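What Swiss-Prot says about this protein:
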type	residues	note
ACT_SITE	Lys78	active site, charge relay system
ACT_SITE	Ser153	active site, charge relay system
ACT_SITE	Ser177	active site, acyl-ester intermediate
Amino acid sequence: MEKLYDKSLTELHDLLVSKEITAVDLTEETLNRIQDTEEQLGSFITVSEEKAMALAKAIDLKGITESNPLAGIPIGIKDNIVTKDILTTAGSKMLHNFDPIYDATVMDKVYQADMIPVGKLNMDEFAMGGSTETSYFKKTKNAWDQTKVPGGSSGGSASAVAAGQVPVSLGSDTGGSIRQPAAFNGIVGLKPTYGRVSRFGLIAFASSLDQIGPLTRNVKDNALALNAISGYDEKDGTSAGVSVPDFTADLTGDIKGMKIALPKEYLGEGVQPDVREAVLKAAETFKALGATVEEVSLPHSKYGIAAYYIIASSEASSNLQRFDGIRYGYRSENVQNLEDVYVNSRSEGFGTEVKRRIMLGTFSLSAGYYDAHFKKAGQVRTLIKQDFENVFADYDLIIGPSTPTVAFGLGENINDPITMYMYDILTVPVNLAGLPGMSIPAGFSEGLPVGLQIIGKHFDEHTMYKAAYAFEQATDFHTKKPVILGGND
């Protein structure tokens, strides 16, 4: 049998429908692929072989039809998405043995689509980090170069897809945690509009910013995955009651007349020359396809990082109060009294970066500093939203780099939090405004992928996919493969 692990979702679907392969065949090959490459990559925290094989057998018995495009397709799940009977750790010692008794809403949708979860993917602890180096369990490697980070916090989700361990994965994005690792690994990653995908069962980091989204190796696959996981959920108070279009319906390659904005702030100081060049070339590609691309200004972007880290850390300090050593999660044995249970369980259960964010958030919310920090950050957030609204009054989309540079070395920035935080500078404004954003492959610098970020209007992922697909068809970046997937050096 030919190798299946680098095929698209559409190709796999055709093979399954024609009965050239079964869901059991595909799941077995996926599990073998994970086993063969996991030592090199470290993408998975848990592999759920028995459950995956049982599900594959049941799906084969039921039969796979043309009308169910994702039936029998294996999928990897970021380990902050709650999965019944599969350990869910959020990359933390605090939850190292947490076995949930319910599924997140996105998992319900995955099962409704007859997809097959094969395991839980490594991530920065509680999604706090940009390199997947803060995980309690292991350090994930970049699919293109195992001496480089895969990005974060959804590093496992990106590395696994780029290396062909799974054809699709779910990640979460609070300040760039889908788009940045997608860029670093040369794949497609989409953060949907806030409210498009249910957050019920997502272990919260910053509730006003978090959003679940798909990572795939091409645009159409990504649209298929978003079709499956989108929709209103009464269990999530921030879920939006908007209709879900078929995101694959308009992937024609025709974007004549589309108006695209390129903010000058996104190509400024700190952006690597090769990254800047790739974005400018992408702008020329869009022009050649019949779109107009014009320079605009998003003047408050430069305050995005400061506002984001105050808001996100403040929300995290509140959300993480629940991990106290009493109800569930890690409990210290080094205790004499109740106070020791709280203090020692949290001190021993949380890693350095999580503690740093809790401290920053608690400080920002404290009585003497609330107005100067948290309140002011909220006001800056409003200004950033207004900047986007002003541009979107005249344009359909905004483009720019996903990250200022390509992937950096393992260990290079782990002890320099400010440098690490600055890698989010181009992605956090999108979360602050609740907009959809995606990263698609757009070039290379010294053999490492460059990501192009596409930002859309609220609930207009449809137009983003349309433009991304047109760009993909006009270029060949998405066809390039890392060595681990059979590509050339």
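The backbone N, Cα and C atoms fix where each Cβ goes, glycine too.
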Neighbour count (Cβ, 10 Å) for Lys78 (active site, charge relay system): 33
Cβ-Cβ distance under 8 Å to Ser177 (active site, acyl-ester intermediate), same chain, at least six residues away: Asp124, Ala127, Gly130, Gly152, Ser153, Ser154, Gly171
For Ser153 (active site, charge relay system), the number of other Cβ atoms found within 10 Å of its own Cβ: 34
